[in-house]
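Comments concern the structure below.
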Amino acid sequence: MRSIIADSKRLVVKVGSSLVTNDGRGLDHDAIGRWAAQIAALRNEGKEVVLVSSGAIAEGMQRLGWSRRPREIDELQAAAAVGQMGLAQVYESRFAEHGIRTAQILLTHADLADRERYLNARSTLLTLLRLGVVPIINENDTVVTDEIKFGDNDTLGALVANLIEGDALIILTDQQGLFTADPRKDPGATLVAEASAGAPELEAMAGGAGSSIGRGGMLTKILAAKRAAHSGANTVIASGRERDVLLRLASGEAIGTQLIARTARMAARKQWMADHLQVRGHVVIDAGAVDKLTAGGKSLLPIGVVAVQGVFARGEVIACVNDAGREVARGITNYSSAEAKLIQRKPSGEIEAVLGYMLEPELIHRDNLVLV
């Protein structure tokens, strides 16, 4: 089996905390130097690389003399602010050894949820790549809150792959890849060499939290691959402990788990809706509505809604889930949660009689709805 990275030109490489730190005790300068050397070699082969790197909080903890990751958000943000300085400095100096300039970009979910800011971020990244600069991206932990955070850099890496229409996302971790079961508990567990990104059985195989240093477990990586597939990007999950792993992947060697994007690439606007707008609520829909959305490409009408969950306003994104709780679609709602509760299970012709007005006959128009 040949690595999908060999034929990929534009890469997003995500490096986890454990691969750039000394077991959480500050940055590992030598390790960062090796990543810089490999990326420089990829550049010489004509590949474009965007690096998503963890490590700011771990470096901040070291500089502040903290041995344990704090739980308070203000202390985490303080550590990120202190550590981001060191992270940027080390990357800049290590890449400079190869004659490569770097750029620091800090993002939050809010940056990508706003369409204008999303397009500005995309334009900046593409310009940096055109100029031969290696963008180094991290979540802006200093200002992030629960409502605007990505939660982990695996997710951020996938969204960046969507943003720049990358060919592949490489998630480097301290694990060999995805196994059929937890190899620490099941001696019969085997490595999944290749699968389709978004295959339901993958989520059942993955699970467990990340290390105390970082935040991402294997499940977040599987979900990241599913997101990356929305823009046609394939994903490789591999061990960053493997010698010259990036160079070997680029040469065609199959390492780790390859998750192939086999679904059709989403239109740009729907991809943005699916991946960058935060879900504010849920509606449970009946089997008939599920069929109309998934097979018929229809709009969601109020009559197909069984229940409304959460509080949301007109124009916000809501998820459509089946009776088992599985999300099948999401989209921009024409009605608030209060209005939706009043018109659920009602034919569209009765909306005006119930509310006193009718904004739209659909709860979500098909042009504002995307399957997930």
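Going from the start of the chain as shown, residues are counted 1 onward.
Cβ atoms are placed via backbone N, Cα and C, with glycine included.
Not measured: the values here are computed from a predicted model.
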### Message
Starting from the ATP binding annotation in Swiss-Prot that includes THR173, ASP174, which of LYS14, LYS47, LYS298 is the extra site residue?
### Response
LYS14
### Query
By a simple count, how many Cβ atoms lie within 10 Å of the Cβ of SER54 (substrate binding site), its own Cβ left out?
27
## Note on the structure
Row THR173 (ATP binding site), column other C-beta within 10 angstroms, all chains, value 26
### Query
So of ASP141, ASP174, which of the binding-site residues has the fewest other Cβ atoms within 10 Å around its own Cβ?
ASP174
### Task
Give the helix, strand or coil assignment DSSP yields for ASN153 (substrate binding site).
helix
### Query
What residues, ordered by sequence, lie under 8 A Cβ-to-Cβ from LYS14 (ATP binding site) and sit at least six positions away in the same chain?
LEU51, VAL52, SER53, ASN153, ASP154, LEU156, GLY157, LEU169, ILE170, ILE171, LEU172
### Message
Measuring Cα to Cα, how far is ASP141 (substrate binding site) from THR173 (ATP binding site) in Å?
### Response
21
